[in-house]
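Single-structure report; data block below.
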């Protein structure tokens, strides 16, 4: 069950474009044309690099999308997730429980930044590169496009504790999810649309073990049995084994994830919460039947996600290397 957007023109893009027409006003200092004069080749560089990365590893599209999400939910969209630990003097977010041995794509951002620095030195933030890469990864996998408001700057700090506390857990309840997203200025509808990013990518056994073994009343029995084949019940056994988040089309960005929810064939407890007799059931059914609507809502929600507490003006810095704060 792929996206029903095919053959229906570009309605979703028109809707998203309408939503973004006043982006420079709605989103304060961020505007899609921020680098039009200072680095006009930026979007071409990012698009080409992302396409190359996905051609080598198709999972990378989902990984770049997740990287952006994990950045924005901690201190806002400031590229704090890219900062490496520096001995005991600086502790970043990469070792936080939701990130360690899980978040990928750092090297792709490094390659893009190196190219951008050669052509437009000291101009483009790592935070904006992350935002563009997330959009282009989505498009490469068949998903919607949107104008990305730009003009973010990079943080000089990171927060391991906030990464551990603010990023939603794979066992989160619906009320917890709505609260987590609400704390970032995102509505329940935004949350349900953004969760559609799980139409691509994979999850580790340790994050879905509990759901496939313990939630027998809210998971399709044959699906649970199938996934148990590669995810042993014993804690610590096969923790890193991967399974697709969307069994129907794990490497294509479409609306099949919502069909999975309705069929109760998803890996994560937090995903099934969106369709479990609660407030989002009707919207999940809408998205499962209407890929055009999902694409439009996802594009609009991604713009809202990208506007979480950006550093602008003279705040922060433009890092020369995304992994380290510029030396003074």
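Including glycine, each Cβ sits where the backbone N, Cα and C put it.
A TrEMBL annotation is a machine prediction, not a hand-curated record.
A simple way to gauge crowding: the CB of residue 76 (Ca(2+) 1 binding site) has 19 other CB atoms within 10 angstroms, across all the protein chains here. Marked as Ca(2+) 1 binding site by TrEMBL: 71, 74, 76, 78, 80, 93.
If you draw a 10 Å sphere around the CB of residue 168 (substrate binding site), it holds 18 other CB atoms from the protein chains shown. The annotation substrate binding site is assigned in TrEMBL to 168.
All protein chains shown were included, and the count of other CB atoms within 10 Å of the CB of residue 199 (Ca(2+) 2 binding site) stands at 31. What TrEMBL lists as Ca(2+) 2 binding site is 199, 246, 254.
The disulfide bond annotation in TrEMBL covers 39-120 (among others). Around the Cβ of residue 120 (disulfide bond), a 10 Å sphere holds 16 further Cβ atoms from the protein chains shown.
Residues or ranges marked as disulfide bond by TrEMBL: 72-77 (among others). The C-beta environment of residue 72 (disulfide bond), restricted to residues of the same chain at least 6 apart in sequence and closer than 8 Å, consists of 184, 305, 306, 308.
Residues or ranges marked as disulfide bond in TrEMBL: 126-322 (among others).
Neighbour count (other Cβ atoms within 10 Å of the Cβ, all protein chains): 24 for residue 231 (disulfide bond). Residues or ranges marked as disulfide bond in TrEMBL: 205-231 (among others).
Scoring each of the disulfide-bonded residues (77, 322) by how many neighbouring Cβ atoms lie within 10 Å, the top position goes to 77. Reported as a whole number, the C-alpha separation between residue 71 (Ca(2+) 1 binding site) and residue 254 (Ca(2+) 2 binding site) equals 24 Å.
The shortest Cα-Cα distance between residue 93 (Ca(2+) 1 binding site) and any of the recorded positions 120, 126, 199, 254, 322 is the one to 322.
Residue environment of residue 39 (disulfide bond) contains 18 other Cβ atoms, counted within 10 Å of its Cβ in all protein chains.
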